[in-house]
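Colleague: What follows is a single structure, and I will ask about it in a moment.
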Amino acid sequence: MQKVRQIIITAVAASLCVGMTTACGSGSGSSDKNADGKVYYLNKKPEHAKYWEKLAKQFQKETGIETKITTSPNYDETLRSEIAKSDAPTMFQVDGPPNLEQWKKYGTDLSDTKGYKELTDSKLALKADDKPVALPFAIDAYGLIYNKSILNKYFKSSWASVKSVSKLNNFEALKTVADEVQKHKDDLGIKGAFTSAGMDDTSGYRFNYHLPSGPLFYEYKDNNWDMNTTVPAVKGTYAPNMKKIWDLYIHDSTVPVSAISGKSMSDATSEFALGEALFLQSGTWSYTDISGQSVEDSDIGVLPIYLDVKGEEEQGLNTVTSNYWVVNSKAPKANQKATKKFIDWLITSDAARTSISQDMGFLTPFKTFSDKKYAPKNPIYTEYTKLKKEGKYDVYGVCAVTPSHQWQKDLGNAMLNYAQGTGDWDAVQKVFSDDWAKEYNLVYKQ
Amino acid sequence: MISMAGKAVKRWWALFALPTFIAFIIGFIVPFLMGVYLSFTRFSTVTDSQWVGLRNYAAVFSDPDFIHALWYTVLFTIVTTVVVNVASFAIAYMLTRGIKGSNLFRSVFFMPNLIGGIVLGYIWLLLLNGVLQTWGKSITFSGTYGFWGMVLLVCWQQIGYMMIIYIAGIQTLPGDLIEAAAVDGANRWQTLSKVIIPLMMPSITVCTFLTVTNGFKMFDQNLALTNGAPSNSSELLALNIYRTFYGRAGFEGIGQAKAVVFFLIVAVIALVQNKITTSREVEA
């Protein structure tokens, strides 16, 4: 009797243990069920999750291919743990060449996809071992978003030295406007010329990632470097120009310099949306945050970020491509095939094109989106296309090839120290001239 | 003769101990051993690693941010351990003197403990930035601001918890000893320092152990309050490790090596501290 009981107990205990281990590993057994393969897309942007999920459902309905979308706010962490699983994502995102460098082992040749063939410029795709492995799917444009009604009020003031927006086409004029607006902010009923240059994590990317794109663009241009590759070293020739605009941002601002370390993106957008500041350095993605409050859509304009560079009267907005699709080369072949089919569907089917251009509001680099009905309805894009039509040149998003996220952090820290007076500008210059090469070696040489 | 309970334990131990034991192996022992192994490798996913020997450890000690975080953490731990223990002992002492409404006070002091670290961090971020705004500053202005901000937060959070442990300790003190001290003519201070504190050593051991290890391991509050800003100057060890691991491609192994070093430091300090305070415990 006792023996029997002992056996039962051990069996129960063992089954509990087994139950636990299988609970942890569930989901691994289902991968061979579907001969058509399946799609598992790890999406980076939570704000678009619901649209992706809708598209996945529709794709599954039309093709019968099992399609799953997972969205993670901690994208980098999630990707690292998901990719190690047996049921790994078949498709994921990278944000630029250095990020791809980390994941290139997982990149599949995408030259046979429509996604690649339909690119408006095939050079936009990122390559690993000379094969296109990462397809860009969204282009953002950014610059100095301004409030037209405040600016017009300024133009009409007796003390204003600049009288029309057409004259506001270089750094000198921008500085004049900013300084005068700041000086007369009470007359204009605002708190400052520029919204707070917040350096916390939600806002700092505007200054440690987007802002250096300008100086780097001109340095790349002078040297004829390929703007899609990270060069081993830069000099920071135009960093002094970046100092000029940074000085404007921090001094002609709604807040004292000592407060910017704690200011966030929502501080800046709300200052702009409530009409408390004239300028906001941001881009297309900010439209949803600034519209529908006290600033009318028709009052939203965008100026290029002038850096006091020769010929900048012809400069247009900055662009940046930091969203790429990669198909996981370590996924089963059938799944890779299904995923490529998914990508092709995304850029050719009417439902997907409408969702991507209208709901998510992306400007895409695909020929299949050339129809008017796929143009995003966003005043910032409208301004961008208007400037383009006037023949202004884009400031290409060289920030995407900065050697590492650490480089951006170093730059932001140095800029903040300079602003607060706890460091000097030499440290910022050094991030360009020294840290770039150091980070390049760490990322590409090991 | 084996007691009834002993018999039952002998018969049923597997049912109760095995599942938890296996969970412990899966959730703790295996990741720990894997972590130690991975600290000697270069990897981006845990299943795909290359052996690099001691290179990661060399990188750990040549990283100025890590050394800064180490000293910053040591200082932080010392300050919080002293402040939390002194304050919570004082409050516990007061609240066992039969003050009116002491139960209410006990609950109020304990309450901050019921809120998680991340939430507390964000709440205090709002509060401190609100106050600092008067001078046009914010908590992330410099590492010193962050330091005192975190000290304030942690004290507020932990004093109540340690107070409960001290109250329990004070309530078990034998009354006759204190009476005897009073009869012998000891004044309040003498009673406290010569009778109560030596008798309280077991509680003090527990509380210092908790505050020292909490100080060293602190992560959530640091993440939410300053996230290391500005320039990593308000970064404690745990956050430094986390950010090394996730912040940079190719630095996972170094992050892992830092974690092993961190484990050793915490283990040694906790053991030494335990030994010191335990040796001062006396029998009534």
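Every residue gets a Cβ built from N, Cα and C, even glycine.
Annotations for this protein, taken from TrEMBL, read as follows:
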DOMAIN    B:70-273  domain 'ABC transmembrane type-1'
TRANSMEM  B:12-40  transmembrane segment
TRANSMEM  B:69-95  transmembrane segment
TRANSMEM  B:107-127  transmembrane segment
TRANSMEM  B:147-168  transmembrane segment
TRANSMEM  B:195-216  transmembrane segment
TRANSMEM  B:253-272  transmembrane segment
Colleague: Cβ under 8 Å to the transmembrane segment (B:12-40), counting only same-chain residues 6 or more beyond its ends: which ones?
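Modeller: Sequence-distant neighbours of the transmembrane segment (B:12-40): 46, 49, 51-54, 56-57, 252-253, 256-257, 259-260.
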Colleague: Determine which recorded stretch among B:69-95, B:107-127, B:147-168, B:253-272 has the most C-beta pairs below 8 angstroms with the transmembrane segment (B:195-216).
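Modeller: Stretch with the highest Cβ contact count: B:69-95.
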Colleague: Are there residues at least 6 beyond the ends of the transmembrane segment (B:69-95) whose Cβ is under 8 Å from a Cβ of it, and what are they?
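Modeller: The answer is 102, 105-106, 109, 143, 147, 150-151, 154-155, 158-167, 169-170, 192, 196, 200, 204, 207-208, 211-212, 214-216, 218, 232-237, 239-240, 265.
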Colleague: Using Cβ atoms and a strict cutoff of less than 8 Å, what residues sit near the transmembrane segment (B:147-168) while being 6 or more residues removed from its termini?
Modeller: 72, 75-76, 79-80, 83-85, 87-89, 91-93, 95-96, 106, 108-113, 115, 117, 120-121, 124, 128, 139, 200, 203, 206-207, 210-211, 214-215, 218, 221-222, 225-226, 234, 236
